[in-house]
Every structure is written in structure tokens, then in C-alpha cells.
Amino acid sequence: MTDSHYIGRFAPSPSGELHFGSLIAALGSYLQARAQRGIWRVRIEDIDPPREVPGAAATILRQLEHYGLHWDGEVLWQSQRHEAYCEALAWLHEQGLSYYCTCPRSRIQRLGGIYDGHCRTLCHGPENAAVRIKQQHPVMHFHDALRGDIQADPQLASEDFIIHRRDGLFAYNLAVVVDDHFQGVTEIVRGADLIEPTVRQLSLYKQFGWRAPGYVHLPLALNEQGAKLSKQNHAPALATGDPRPVLVQALRFLGQRDVVAWQEMSVEELLRFAVAHWRLTAVPTSANVNPAFSNASR
């Protein structure tokens, strides 16, 4: 049962199984929602087929259930949302808020990676072209409920970024904004690696005239080399055995109260304890090395 208007979400891409870093994002968003007696949704962001691993989406859902992170309602699949994205693109085009761009990637790289608006005043058609937002509402800073005021890179914030790729795929920033609005998400809790695109997403909310959600960016889990745990650098998948010691490690990583005698608790009892004692203010803001799971019983 829920009795608040809070709606959170966890939105993994099916590019591989969940790892400890993924669990931090899932658990943090889950606890933030449940502590406010809110709704917690799951969305599978499967709009980039070349990056997807066959069977990964089903595995991710099984992993969430194995770790006791049960979501509300049906899972939303981005691969089934193309019509909504097309409608959003069409509306932006009709309002004169987007344009076609034929600039090759090599040209943008020569510019230092920030697009200069070269095609903004040209009249390209859709053939062999990407679609860029005509930036009208650059967001130079935003409030993070954990980190406070975050300043954006002015060049990045002002850029006419891509919302529909030349290869026909929808860009992440467009899809995530359309779907978070559709699902009524009131706060997005995710990893700090997504701080940078937040200002682009907030500018899209302004372009559409939609109310934006709040944001919380959790610390990243790092490997021993100091790199973010990710599927790209072959982070090990979550253990398939007893989930409790891994959950305890994740709670410690998030700066939460130690769970005394967790060995005597079920997964459900452990998570109820975590919800009851959840404190966002205790979460650290700096990235940290992934703790060894074998130390969970200390």
C-alpha cells in the first residue's frame, strides 16, 4: 500500500546483468521510494539494440526479485514506446524547436566535442540526418537532494544536442524524459555518472512545458583501479546465492545504519529494516571502491 504521491524508478539497460554498482542505484532508489511510502517502478531501457545482450532483460528482472526489490505495476519497455517518442519528435518539429543535422561526427570532434549549431539555420531534410534540439532553455544549474546545487558546463548546457540519431534510433535524453513524464516520476535516484546529462533532460522538460522531477545522484562504486563498475569494464554480475550479505554491503556503501544480526533475518525483514532506517543525508557523495562481499559478516 502507498499513501504518498512519490513515484521513483529504476531504469536499467539490458546490456548485461546487474552488478554491485547497479545494485547501489536500484537499492537507493527503492529505499528512497519505500521510505516515503511511495511507488517504485521498473523500466527496461531497450532502445539501443546494438548494445543489448540477448536475455539480459529477463535476467535483470530475476535479479531484482532475487534481491527482494519488487516493483509496482507493470515493467515499462522502451522498445514498445516508439510511437510516443515519434509524437514527441513531431511536436518539437511543429513548434520549431528542432532541426535536421547532417554534420559528421568527425567535424564535431574537430570542434572539441561540442556542436556549434552549424545546421541550425539550414534547411536539411530528414535523409541521412540526425535531429537536434534547438536549445531555447539552457539549464545552467540544478538542485540535487543529496549534493545541493550543481553547476553545469555552460557549453554543454547550451548545446543543441541530438534527440534522434542518424541511424534511426531515439536518443537516450529524449526517451528518458518522455518516459519519466509518462510514468509520473517525481524523483529520479540514480548514479553520479548521470549528473552531466541531467541539465539536458531538464532543458527538454522546459521545451515540452512539463514539470520536472527532483534528482538524487548516488555515489559510484569503483573497481580496484578506480574505474566505475560497469558492464563495459566487465564488472562481475551479482551473486546468485544468498542476497543478504550483498545487501548488507550495499547498505554500508550507502552509509546506512548497520543491520545487527542480519543473518537471522529474511531478505524481506532486512529490507523492511533498511526502509525504516533509511537516511538520505547519511549517503556519502564521493565514489568508493566496491567492498569485498566476503567481509559482509564482519
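Note that Cβ sites are derived from N, Cα and C of the backbone, with glycine treated the same way.
Residues or ranges marked as L-glutamate binding site by Swiss-Prot on the basis of sequence analysis: R9, F10, A11, P12, S13, E45, Y172, R190. For F10 (L-glutamate binding site), other Cβ atoms within 10 Å of its Cβ number 25.
All chains included, 22 other C-beta atoms sit within 10 angstroms of the C-beta of C101 (Zn(2+) binding site). Under the heading Zn(2+) binding site, Swiss-Prot lists C101, C103, Y115, C119.
Per Swiss-Prot, the feature ATP binding site maps to K231.
Under the heading motif ''HIGH' region', Swiss-Prot lists 12-22. DSSP assignment over the motif ''HIGH' region' (12-22) gives 3 helix, 1 strand, 7 coil.
The predicted model assigns the motif ''KMSKS' region' (228-232) a mean pLDDT of 70. Summarising the annotation, Swiss-Prot assigns motif ''KMSKS' region' to 228-232.
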Cβ contacts under 8 Å made by the motif ''HIGH' region' (12-22) with residues that lie 6+ beyond its boundaries: 44-46, 48, 51-53, 56-57, 59-60, 63-64, 191, 220-221, 228-231, 235-238, 246, 249-250, 290
For L-glutamate: widest Cα to Cα gap among R9, F10, A11, P12, S13, E45, Y172, R190 in Å: 16
Cβ packing number for E45 (L-glutamate binding site), 10 Å threshold: 21
Nonlocal residues around S13 (L-glutamate binding site), in sequence order (Cβ under 8 Å, 6 or more apart): I44, E45, D46, D48, R51, E52
